[in-house]
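Asks: For reference, the structure I am asking about is given below.
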Amino acid sequence: MRWKNKKIPEGEFMEMREEILQTWPTGKDVDLKESIDYLKKIPPEKNFAIKLEQADKEGITTAQPRAGVPLLDEHINLLQFLQDEGGADFLPSTIDAYTRQNRYEEGEAGIEASKKAGRSLMNGFPAVNWGVGPCRQVLEAVNLPLQARHGTPDARLLSEIIHAGGYTSNEGGGISYNVPYAKAVSIEHSIMCWQYADRLVGFYEENGVHLNREPFGPLTGTLVPPSVAIAVGVIEALLAAEQGVKSITVGYGMCGNMTQDVAAVISLREITKDYMKKFGYKDMCITTVFHQWMGGFPADESRAYGLISLGSTTAALSGATKVIVKTPHEAFGIPTKEANAGGIKATKMVLNLLKGQRYPDSRVLAQEIELIKAETKCIMDKVYEIGGGDLVEGTIKAFEAGVIDIPFAPSQYNAGKVMPARDNDGCIRYLMPGNLPFTKDILDFNRGKLEERAKADKREVDFQMSVDDVYAVSSGVLVGRPAKR
């Protein structure tokens, strides 16, 4: 029998928790009742859900970096620097690669190796290895809300530790933290794991603790058309709502054409709210997060700042509640704290200048919103149809059939038949739609837009367009044109 989209009964959930908390020694320090009391004492300005909702009411776009190092004191120093020097509105703990794959013994070895070397030898903060107490030390050392950001298909123990440790938001989902990150984890297993993470948040919510959940919007971060990304975000939001989550931040990764990106953020918010209403989820707070460019970055620092500023502009004009900040060292790997703060400051400058402004209405914007909503509806309708009305069943079958198909994903459970490319204006269209359940009108529109570009490029509509587009932005252009001979 497959897992279903049903709220996990409390008794069954508590039995599951006993097993999960035994998977690493730090799990024994999680005490739900004590954690509820601790979380209730966190002031509103350090609660992720409360602060996000306030920003949303005021129409403000906030800024959050990515950051994480393995040693506790260094991690605290890093976050304090991004808070004080960078001016971040929210703080992260980006979790290391070992923890993401539940390889806690190697995480422990990485901490010890980093201590001996006197420098970071891991790409994030191993929260499970440190445990509840040290996570609370991080929270108590800063003045801003904390969120765990990672990429973990099975984040059950991690979720227990970070929430008990005072983190009031957790990023991820059963699709977005599996298909773009893992090769051999089934959709059913990762959805089940994230239903647990969501049920934990729902339990806290039932006991008076308001926590935020954030599906990972960019997916593979490489030419992902808006409707596929939005469908995944809506599915993960609905799965979370079923488990009792009330504060959900749906996300989207910058594609590059500002009109399409603004249309996508507007559509994302409206579609998510519509589905919440349709299925009877009440008292929901839906906010949005816009991710600055997730693809290849220019190596030149000044050009990198230009790309960061474009993303900041789009985030502000789209009305996104939050923007995830990149750094000018993105092309080289893990940034210095100074470079990270520089990205935040550049972002905040743009956000402050554009405060209160919105992208003007136009016929082109309205058409793009209409198209995104129509494409997303095709996907969602088919998911519910093949699942017999059950969202989990439908999602599993949708991946099996290629009804949901994420471009450039490593997962063996992803069909990999969809290929995107930019049109002549830089909007991302479906070059090869695979088995996506679109109408003929939608398919014809996508093809027509790509034929317009092919005519301008003096070439055929083919896979080389996609290849050229993947490398274009890092070379300083949006659309990958053929090399002049």
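Note that Cβ sites are derived from N, Cα and C of the backbone, with glycine treated the same way.
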Asks: Given that Swiss-Prot assigns Asn123, Pro180, Phe297, Lys326, Glu330, Ile334 to the adenosylcob(III)alamin site, pick the one from Gly68, Gly387, Gly388, Gly389 that the record assigns to that site as well.
Replies: Gly68
Asks: According to Swiss-Prot, Arg100, Arg149, His150, Glu171, Tyr177, Tyr181 bind L-glutamate; so which of Arg66, Arg119, Arg199 is the extra one listed there?
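Replies: Only hit among Arg66, Arg119, Arg199 in Swiss-Prot's L-glutamate site, alongside Arg100, Arg149, His150, Glu171, Tyr177, Tyr181: Arg66.
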Asks: When the number of other CB atoms within 10 A of each residue's CB is tallied over all shown chains, which of the binding-site residues Arg66, Arg149, Lys326 has the maximum?
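Replies: Within the set of binding-site residues, the most crowded position is Lys326.
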Asks: What whole-number distance in angstrom separates the two most remote CA atoms of the adenosylcob(III)alamin-binding residues Gly68, Asn123, Pro180, Phe297, Lys326, Glu330, Ile334?
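Replies: The widest Cα-Cα gap among those binding residues is 20 Å.
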Asks: Whole-number answer please: how many Å between the C-alpha atoms of Lys326 (adenosylcob(III)alamin binding site) and Arg66 (L-glutamate binding site)?
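Replies: About 8 Å separate the Cα atoms of these two residues.
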Asks: According to DSSP, which kind of secondary structure is Arg100 (L-glutamate binding site) found in, if we only use helix, strand and coil?
Replies: helix
Asks: If we count other C-beta atoms within 10 Å, could you say which of the binding-site residues Arg100, His150 has the fewest?
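Replies: Fewest other Cβ atoms within 10 Å, among the binding-site residues Arg100, His150, is found for Arg100.
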Asks: Quick check: of the binding-site residues listed here (Arg66, Arg100, Arg149), which one has the Cα closest to that of Ile334 (adenosylcob(III)alamin binding site)?
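Replies: Of the binding-site residues Arg66, Arg100, Arg149, Arg66 has its Cα closest to that of Ile334 (adenosylcob(III)alamin binding site).
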